[in-house]
Amino acid sequence: GEECDCGSPGNPCCDAATCKLRPGAQCAEGLCCEQCRFIKAGTVCRVARGDWNDDKCTGQSADCPRNGFYG
């Protein structure tokens, strides 16, 4: 299956012909993906509102997980 979105040939992380990540790339897009690499664990990817915790990258995924309610 697809590893990345082939729709954008300008993406340096994704091979538009095969829809696969380029060699050495961990990710192609996402709040926790920067320059084709996962952002380090603990980096805030979504600032919380109210009593919620800030959402932080896991270091293992390009997605920004919902970290949940504080308290």
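Using the three backbone atoms N, Cα and C, a Cβ is placed for every residue, glycine included.
Candidates considered were Cys36, Cys45. The record in Swiss-Prot pairs Cys64 in a disulfide bond with Cys45.
Per Swiss-Prot, the residue from Cys6, Cys13, Cys57 that shares a disulphide bond with Cys32 is Cys57. Taken together, the residues in the domain 'Disintegrin' (1-71) have a mean pLDDT of 90 on the 0 to 100 scale. Mapped onto DSSP classes, the domain 'Disintegrin' (1-71) shows 0 helix, 15 strand, 56 coil.
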